[in-house]
Structures are given as structure tokens and as C-alpha cells.
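Let me begin by presenting the structure, written as C-alpha cells, before commenting on it.
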């Protein structure tokens, strides 16, 4: 029994040794079996330590081939890092080129072929993205109709910028059509004063919250970084000198508008006063009985005539200041559309909301001057020439951004702000002090605050 057991155990040992020897022989003579076996058994090791396994295998081509296959599978499986894995796999293939074994050369060729195919798919992918991008940028209008000319970038820029400028100039006129005022009559007097109050609030808000901050380095937006850095390079004195110049130009605008109005009133006042005086004295000599009544009528008519002349001068000054202001707005619109369509549209909306209080105030001043509603609206369109000229100059300029920044940092904005302050405080607000009830005063103050608040919102948005 013991002998049989020993024989049986010996037989099992011989069988196990033969199977192991057979397996070793197959591994050494069957490359496909080596690739499958090594790939399945050692895949985790090759993937986890790819470079380490390559250095430790020495001259065994089958282990290196298996490691190459594992690297290929890892490069394809990890799709989130195509560029990194793809380049790493090429380094591995380059290492295989140093081995001269024929089987390794075959595996290396196959490995390189797989990577060539992978690279080709990447090129196709990039080509697809490039075609899609070109389609979106170059062929914005694919119609064969009248809009096809907008596919040209330069034509599209001009059409967009000029159209935006015309829209800003024409849109307030549509709002003015719904204002129930036809002329300066006693019936429309209370509403007209409310509009004058709203316009004066818009002028003051525009001057103190928009024009003056844009002319100073502290609120210069994009230009702030350039002027501020330049100021620090030249010392703090330059910063203070610029602030002083802004205040000086504001005062200069106030004095200039005062001087112009005084000169115009002197010239027109002498003619009107002489005519009124001569007519009064002539009537006094011819008809002594009607002297008192005519003097009373002459006094009543003389004051409205002087007031009308005063407000007409104010209307002309306001149109001149508004023309200059619209010129700077046109420069900004042109530069914005050069920067991009989205930037241009945002700037257009901002300027449009900003211009509505201005146009309503200008309309009220023109109506108060004696113009009819239709004539006042037509005169308002004259100021659109300032915006158009500014936009065209900006589009023709080689550096539109620098041109807009130069206009913003020059004397134009603070000088215009001084004119707006003068018109609001000297010419418009005194009109609100005459013949006002308590309820009318409340409405006028609320209108002034509304105009200022709109400019405040626009300043925050900008």
C-alpha cells in the first residue's frame, strides 16, 4: 500500500513538471501566446509603471512588445488626455527602434501603424473644427439675397456702426411723437415744465456722473489704466495737474456759455428793446387817453418777449453742446464695433438709454423757445450729424480706441459738462421757479430726481 502511494505521488510530480515544461516551451516558441499571456497577466503592471517596466526588461523583446501593446491600449482608453498619451506612446515606439530583433521590428511597425491611424483621426477632428469655425465667422449670412454683401467683414463693420448711430439718433424722435405737446401754450405749460425739470436733471446727472468722471483718471474705464500708469511714472504731480485741468475746463465751459449768451442777449436785446420802446412812446404821443392801457400791455408783452429771446439763446447753446457730446458718442460707437459686434451692440444700447433724457430735455427747451413740435423734432435731428461724423472718423482711424480715449481725456468732455451745468442751472431751472403750486413743485422735483437717477444707473452699468 505504501509502495502504491509513493508511485502515485511520483506520477503526479512528473505530470506537473511536464505541464510546466510544456508551458515554458510554448511561451518561448509561440509569440502570439506570449503577447496574450503577458498582456493579460501583466497589463496592470505595464500600465501603472510603463517606463519602469520598459527599463527593467532588458533585452527581452517579448516583454517589450507586450508593454508596447499595453501602452497602446492605455493611450486609446484614456481619451481625456489625447495629446499627453499620444506623445508618450511615440517615445515608447522610439525606444523600440533601438532593438534589432526581427520580431520586435514587426511589433514596432504594427505599433507605429496604430499610432499613425490614431494621429490621422486627430487631424480629421481638427479639420472638422476648423471648418466649423470658418463657417461661423466667414459665412455669417448664408442667404443668396440682399444680405449676402454683409459677409464682407469691412462692409459689415460700416453697416453695423452707421446703422447703430442712426438708430440712436432716430429712436428718441419716436418717443417724442407720443408726448402730448404741440406748442408752448398755457394748457401744456405744467407738463412742459415737468419735461424741463426732467431734462435739467438729465443734464446735471450727465455732467457730474458721466462726463466729468470719464475725463478724470479715476473713472476713465479702459483708459484709466494707461493714464494712471503714466501718472505714476511721472510722479503724483501729473495726476493732480490733470485733475486741475478737468476742473478748469468745466469752469471754462460755464464761463464760455455765459459769455455767448450775454453777447447774444445784448445784440438782440438792444434791437428788441428799442423797437418796444419806440412803439410805446409813439402810441403815447398819438393817443394820450390810451396811454395807461398801452403801457400795461407793453409791460406784459415785453417780459415774455425777453424771456422768449433768453430761452432761444439757451436752445441754441444746448444744441451746440449736444452736438459736441454726440460727436464723442459717435467716436465711442465706431471704436466699439471695431472691437467686436457684441461690444458695439452693448455700447449702442448704453448710449441710446443715455440719450433719451437728453432728447426729451432738448425737446422741452425748443418748445419753450417757441418752436412747434414738428420743427423741434427736425432740429433735434441736426445733432445726429455730430454722432455720424464722430462714427465715420472713428472708422477711418487706424487706432479707433486710442482716438476715443484721447477724446475722452481731452478738454472736450469737461468743457461740454460745464455747458450742461450752465444750461441746467441758469437757463432751465429758473423757469421752474415761476407760477408753481405745491403739487406742481412736487412733480418737478420728482422729474429732476428721475433724470439724475437714470444717469446714475447708466454710470453704474458703464
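Any Cβ shown, glycine's included, is placed from N, Cα and C.
Keep in mind it's a predicted model, so treat the numbers as computed, not measured.
Sequence annotations record features per position, and here Swiss-Prot assigns compositional bias 'Basic residues' to 40-51 (among others).
Per Swiss-Prot, the feature compositional bias 'Low complexity' maps to 65-74.
According to Swiss-Prot, the compositional bias 'Basic and acidic residues' annotation covers 75-94 (among others).
According to Swiss-Prot, the feature compositional bias 'Basic residues' maps to 111-120 (among others).
Among the features that Swiss-Prot reports, compositional bias 'Basic and acidic residues' is placed at 121-132 (among others).
What Swiss-Prot lists as compositional bias 'Basic and acidic residues' is 281-307 (among others).
Following the DSSP three-state reduction, the secondary structure of residue 184 (N-linked glycosylation site) is coil. Same-chain residues at least 6 positions away in sequence with a Cβ under 8 Å from that of residue 184 (N-linked glycosylation site) are, in sequence order, 192, 367, 368, 369, 370. According to Swiss-Prot, the N-linked glycosylation site annotation covers 184 (among others).
Around residue 326 (N-linked glycosylation site), taking its Cβ as the centre, 26 other Cβ atoms fall within 10 Å, counting all chains. Reduced to three states, the DSSP call for residue 326 (N-linked glycosylation site) is helix. If you look up Swiss-Prot, you'll see 326 (among others) marked as N-linked glycosylation site, on the strength of sequence analysis.
Taken from Swiss-Prot, the feature N-linked glycosylation site covers 435 (among others), and the record attributes it to sequence analysis. Classification of residue 435 (N-linked glycosylation site) by DSSP places it in coil, neither helical nor stranded.
Residues or ranges marked as region 'Disordered' by Swiss-Prot: 39-134 (among others).
The region 'Disordered' feature in Swiss-Prot is assigned to 219-239 (among others).
According to Swiss-Prot, the feature region 'Disordered' maps to 270-307 (among others).
Among the features that Swiss-Prot reports, transmembrane segment is placed at 2-22 (among others), with the record citing sequence analysis.
Taken from Swiss-Prot, the feature transmembrane segment applies to 161-181 (among others). Taking Cβ pairs closer than 8 Å, the transmembrane segment (161-181) reaches residues 188, 191-192, 195, 326, 329-330, 333-334, 337, 344-345, 348, 351-352, 355-356, 358-360, 363, 367, 373, 376-377, 380-381, 383-384, 387-388, 391-392, 394-395 in its own chain, all 6 or more past its ends.
Per Swiss-Prot, transmembrane segment is recorded for 194-214 (among others).
The feature transmembrane segment is assigned by Swiss-Prot to 244-264 (among others).
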Open item on the list: If you count every Cβ pair below 8 Å, which range out of 194-214, 244-264, 333-353, 410-430, 441-461 shares the most with the transmembrane segment (376-396)?
Closed with: 333-353
- [ ] Using a Cβ distance cut-off of under 8 Å, indicate which of 194-214, 410-430, 441-461 has the most pairs with the transmembrane segment (244-264).
- [x] 410-430
Task: Which of 333-353, 410-430, 441-461 contacts the transmembrane segment (194-214) most, counting Cβ pairs under 8 Å - done: 441-461
- [ ] Enter the number of other CB atoms within 10 angstroms of the CB of residue 435 (N-linked glycosylation site).
- [x] 9
